[in-house]
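Trainee: Below you will find the structure I want to go over with you.
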Amino acid sequence: MDKRIIVALDVKEKKKAIDIAESLSDIVFAFKINWPLVLYSSPEVIGEISQYGKVICDFKVADIPYTNSLITERVRDLGAWGIISHSFLGEESLKSVVNAAKGMHVFSVVAMSHPGSDMINSNAMQLMKLSIECGVYGFVAPANKIDDLRMIRSATDRVIISPGIGAQGGDPYTAVLNGSDYLIVGRSVYESDKPELEVSKLQQTAERAIEDRERLKNS
């Protein structure tokens, strides 16, 4: 069974991030890093983490096309496997990310997991249509807002990665059953006394949900 867990390294200490990545390298699908880790260390941390697995840079790129291109090119050159971009800025801005990626996987945010995200989430279908036209690899959709997740899954067969598990209240089984392909989990893993065990439990839950999802689809 494919690995289904993406660990969010939402820490600011480079050594801690690298230690976590090294310990989990064999059992996760990818590592997601955000601006705090880069700003507190250096951009080169992208390449350092990528020695232990795929790195998705959650930079939620959201600027004019030229600036987006510069950000994406640098992330690609540093060795990232994927990058997350906002889609609400429109076609030209999102296309600039896709074009600059040149093989790096682009994930488009079409719905978010935090309170107050209704302005974006209510436009999820329009943002998804735009993102598909721009050629993104996959989508970011919330594990803790099942109606939004289910709606997005019903309209696409592209990859969906989902934050909102654990601290934000999302249930891993329910999220995968309703369309998530990969679960993004942070604090509940790296703050655990046994992070490897936590990832293994989440992986088993995801596998069970995938099996049930396929069974329901074929029934």
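Heads up, the Cβ atoms here are built off N, Cα and C, so glycines get one too.
Take a look at what Swiss-Prot says about it:
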type     : residues                                      : note
BINDING  : Asp10, Lys32, 58-67, Ser113, 163-173, 186-187 : substrate binding site
ACT_SITE : Lys60                                         : active site, proton donor
Trainee: Using Cβ-Cβ distances, find the residues under 8 Å from Asp10 (substrate binding site) that belong to the same chain and are at least 6 apart in sequence, listing them in sequence order.
Mentor: Asn34, Pro36, Leu37, Gly186, Arg187, Tyr190
Trainee: Which residue, of the binding-site residues Lys60, Ile64, Gly166, Gly170, Gly186, has its CB surrounded by the fewest other CB atoms within 10 A?
Mentor: Ile64
